[in-house]
Amino acid sequence: MTDAKMPLRAKVASSVSRTAAALSRAAGRGDGSVIGGWIGLKIDPDLLAHLSAGRAIALVSGTNGKTTTTRLTSAAVGVLGRVATNSFGANMPSGHTSALAKAGSTPYAVLEVDEHYLAQVLEATEPHVVALLNLSRDQLDRAKEVAMMAQLWRAALVRHTNVRVVANADDPMVVWAATPPGDPARGINPPHVTWFSAGQRWHDDSWVCPECGSTIQRSGDQWWCTGCALRRPEPQWVVEDEGVLDPTGAWHKVSLQLPGKVNLGNAATALAVAAEFGVRPVDAVSRLGIVTSVAGRYAQVDKDGRNIRLLLAKNPASWLEAFDMADNAPTLLSINARDPDGLDTSWLFDVDFAPLRGRQVLITGDRAYDLAVRLDVNDVPFQHVRTFDDAIRSVPPGRLEVIANYTAFQDIRAELDRVI
Ligand SMILES: [Zn+2]
């Protein structure tokens, strides 16, 4: 809906939301997108719906990869025209509201959605397409939420059968959530769902079938339930070598500035979502290369002859992905356990650190000693360093990979901002 067509209350709310965001930015309190949206929604609780009307919207949700996939999807959909999108971290309704108010009238929007808010945001934005990436435990104390989240997603999607769904065929929880209730054998290829395969390294949250409780078996890429008809659907979009196969069987080379097979998978998802808007992969693929670092992730900084690359790993699944993205080079691991990270570090024992054997491994952070115990049990030799500067001095010139969890990542970013 353009500003002119919005109800008066929505217009006022939208304008106040923009002003509050600008004031918050001016006061040096982040980019203001959360507070601006929050105030706007207080004035008009339907503001997100008003701002969404008239736009073709894609929502991107899942435990991991949603920020990057949102960036890549925005770039791909940008072939068609201006795209509104939310800034990093502002992935709840207040952030969406602020993003749309700030962007003004755009024909398209691609919004990253916190997985807990998907039902609410579906309701408010009436999107054209929803991308479902994966569901895994975020922190150990939240492990039970995986099955519950799949249930919430499924219930929400059942109420919106007109919405196109682009979903990960490799994640049993996602397949189940995207498949309407009933006989999974009939439901496995619902016409409104497009499946992609991005590969999945983390399987520990999907050994039990969400439909019947039986064991899920795997062989190669395939998985199936031993007790019912739930199984891996045939994906239409597939990562192959350094590119993506589209549903017609055409292969597109994908040249990203982002590392790892994980990001090729995110690119496949972005192309699949853009295709739902009518974007041809051949037109979108070159635009994916413009995405560089995402909120500081994958950022590369040169200091004292070291090329330092930052990788964020916030939960067990994303640690495995980070090992895959990192070059075979000296690697600094940093772990904190402050509020945003979760206070319990026992999840370290869910992660197999064996891929780091043979690399020079350094550890630091508030909870470096927890990491030390884990690496010792895992037979990965390591060296403890007190500061980031010590780490830089301890490695030879060349690449230094840094893998850190949330607040440790922020600490290192702040330290790098001071030195460069
Ligand atoms: Zn089953």
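FYI, residue positions are counted from 1 along the chain as it appears here.
Glycine is treated like the rest: Cβ placed from N, Cα and C.
Here the structure is a predicted model, which means the values were calculated and not measured.
Taken from TrEMBL, the feature domain 'Mur ligase central' covers 60-172. Annotation comment: TrEMBL describes Cys209, Cys212, Cys225, Cys228 as Zn(2+) binding site. Annotation comment: TrEMBL describes Asp344 as active site.
Shown on the structure are the features that TrEMBL records.
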residue	record	Cβ within 10 Å
Cys209	Zn(2+) binding site	22
Cys212	Zn(2+) binding site	13
Cys225	Zn(2+) binding site	21
Cys228	Zn(2+) binding site	15
Asp344	active site	12
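In the vicinity of ligand 1, defined as a Cβ distance under 6 Å, the following of the recorded positions Cys212, Cys225, Asp344 are placed: Cys212, Cys225.
In this structure the C-alpha atoms belonging to Cys209 (Zn(2+) binding site) and the residue listed as 'active site' are separated by 27 Å.
A separation of roughly 31 Å, to the nearest angstrom, links the Cα atoms of Cys212 (Zn(2+) binding site) and the residue listed as 'active site'. Across the structure, Cys225 (Zn(2+) binding site) and Asp344 (active site) are spaced 32 Å apart at their Cα atoms. Across the structure, Cys228 (Zn(2+) binding site) and Asp344 (active site) are spaced 36 Å apart at their Cα atoms.
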